[in-house]
Amino acid sequence: MRLVILDDYALASEWAAKYICNCIIQFNPGPDKYFTLGLPTGSTPLGCYKKLIEYHKSGDLSFKYVKTFNMDEYVGLPRDHPESYHSYMWNNFFKHIDIDPNNAHILDGNASDLQAECEDFERKIKEAGGIELFVGGIGPDGHIAFNEPGSSLVSRTRLKTLAMDTILANAKYFDGDLSKVPTMALTVGVGTVMDAKEVMILITGAHKAFALYKAIEEGVNHMWTVSAFQQHPRTIFVCDEDATLELRVKTVKYFKGLMHVHNRLVDPLLSMKKN
């Protein structure tokens, strides 16, 4: 497990974007070999998406041979609703890059058969060869995707009831009106993300500090679903200083001492430009 600690949100976002960029380029995707990327929503990845858009617009990165699978989607919210995760992904990322819309997979929270929709999503991931890199964020209660506290750590894509903490946290996107916030969602399972060849989790802000502590300094616990990734062979937690406030001093010192190693993963930033 790697813990990459950057000074602030902007630097953490840039490091994560550089890492994604280098992973895609080193994979050398093509028409017969697509790179599969798992993606989150929420406020945390926005900075990372902005940097990836920059790399695309500068000609350093193409998403032509990338397939994406998003973590989750609300149930019952129209696809074109401004707060649906379809809208979020297209407005904040997809419409700014060269991805084929057919290769951007997002769960359909309005499907007539939600169970079949979840099973189909798992099948599509398998047919794509599995996820190369799954990027995620977490909530203050340590949930990843919508795998709320108490979720099975071997769970698959399924319908979930949202915890009140999550509904309250999401109310800001719905004019503070709890009655407008969806109470159900489709989400990949912890096991779905664990199956990825590599997982990168973005954690920023002091309000996520206790969750980061639970994620890496205590044992695996289904009440803090992000802790499951202690057992993944290739997990990277990318955080800012504020997110480390609950960690032991020696933990922070140990991982900061490895930054020269971590920075080799993103420096130099690779490019798809032809020389």
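Including glycine, each Cβ sits where the backbone N, Cα and C put it.
As written in Swiss-Prot, here are the features:
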- Asp72: active site, proton acceptor (ACT_SITE)
- Asp141: active site, for ring-opening step (ACT_SITE)
- His143: active site, proton acceptor (ACT_SITE)
- Glu148: active site, for ring-opening step (ACT_SITE)
- 102-131: coiled coil (COILED)
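Structure with Swiss-Prot features highlighted.
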residue : record                             : DSSP (3 states)
Asp72   : active site, proton acceptor       : strand
Asp141  : active site, for ring-opening step : coil
Glu148  : active site, for ring-opening step : coil
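Its own atom aside, the Cβ of Asp141 (active site, for ring-opening step) has 19 Cβ atoms within 10 angstroms in the protein chains shown. Summarised as a single figure, the pLDDT of the coiled coil (102-131) averages 99. Distance noted between the C-alpha atoms of Glu148 (active site, for ring-opening step) and Asp141 (active site, for ring-opening step) is 8 Å. Here the C-alpha separation of Asp141 (active site, for ring-opening step) and Asp72 (active site, proton acceptor) works out to 17 Å. Listed in sequence order, Thr41, Tyr85, Leu107, Ala145, Phe146, Ala185, Leu186, Thr187, Val188 are the same-chain residues six or more apart from Asp72 (active site, proton acceptor) with CB atoms under 8 A from its CB.
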